[in-house]
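Here the structure is laid out as structure tokens; the discussion comes afterwards.
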Amino acid sequence: MDELKKLAGVYAAGFVEDGMVVGLGTGSTAYFFVEEIGRRIKEEGLSVVGVTTSTQTTKQAEGLGIPLKSVDDIDSIDVTVDGADEVDPQLNGIKGGGGALLMEKIVATPTKKYIWVVDESKMVDQLGAFKLPVEVVQYGADRLYLDFESKGYKPSFRVTEQGDRFVTDMKNFIIDLDLGKINNPVALGDELKAMTGVVEHGLFNGMVNKVIVAGKDGVKIVEVKD
């Protein structure tokens with residue numbers, strides 16, 4: 001599996017050129033993309049500026065010598081490469097398995113070319129088998145949990161290995177919704193966004209331009225159909 005992830009991540013780095021501002025994703029597949037950018041800076045003299053999507057990626061990028069800027073200090077991002085937990089045929093996706101969905105969406109928004117790197121197991125006919133993360137403010141989180149429960153969304157607070165509630169980089173909680181199937185990702189996204197106390201959700205609808213899929217037969221690119 002790691003070999004497939006590496007294949008996708010390294011392939012995606014081919015879209016990065018000198019002088020670009022590059023969004024650096026979070027997660028096990030994006031990790032290989034960031035590593036490859038670091039290698040190209042060191043070995044090929046690639047000149048880029050990175051914008052990170054989590055403290056985890058910031059540490060990785062700093063260790064590789066990738067120059068970084070805050071998303072607040074740039075006008076736009078040329079290309080962002082990130083992973084995804086599930087991707088449907090319309091290229092809507094679920095992200096946030098690593099807990100970085102808010103920062104990932106903030107970086108994706110000013111991005112000109114937004115690319116996901118996945119292994120073929122992430123491509124699904126319908127979203128929802130992977131639990132949908134919802135980032136919520138800590139104050140009132142238990143009330144939101146009950147709201148989700150009453151809607152039949154099978155919520156659970158994400159917890160650490162120690163059993164404490166997981167806290168995101170932005171100091172929020174995550175409630176994972178076990179929905180089974182999501183029939184209308186756009187409508188659900190709108191519904192969740194309208195709930196007071198919800199900061200962001202892990203549905204990335206209509207945001208990605210292309211998905212690089214690594215499988216046993218190599219790499220294929222899936223693009224949004226016009």
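Positions of Cβ are set from backbone N, Cα and C atoms, glycine also.
The feature substrate binding site is assigned by Swiss-Prot to T26, G27, S28, T29, D82, G83, A84, D85, K95, G96, G97, G98, K122, with sequence analysis given as support. Around A84 (substrate binding site), the same-chain residues six or more apart in sequence whose CB sits under 8 Å from its CB are G93, I94, K95, W116, V118, K122, F204, V208, V211, listed in sequence order.
For E104, the entry in Swiss-Prot reads active site, proton acceptor. Cβ neighbours within 10 Å of E104 (active site, proton acceptor), excluding its own Cβ and spanning all shown chains: 29.
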Across K95, K122, listed as binding-site residues, the smallest other-CB tally within 10 A is for K122
What does DSSP call K122 (substrate binding site) in the simple three-state scheme?
helix
Roughly how many Å lie between the Cα atoms of S28 (substrate binding site) and E104 (active site, proton acceptor), rounded to a whole value?
14
Where T26 (substrate binding site) and E104 (active site, proton acceptor) are concerned, what is their Cα separation in Å, rounded?
8
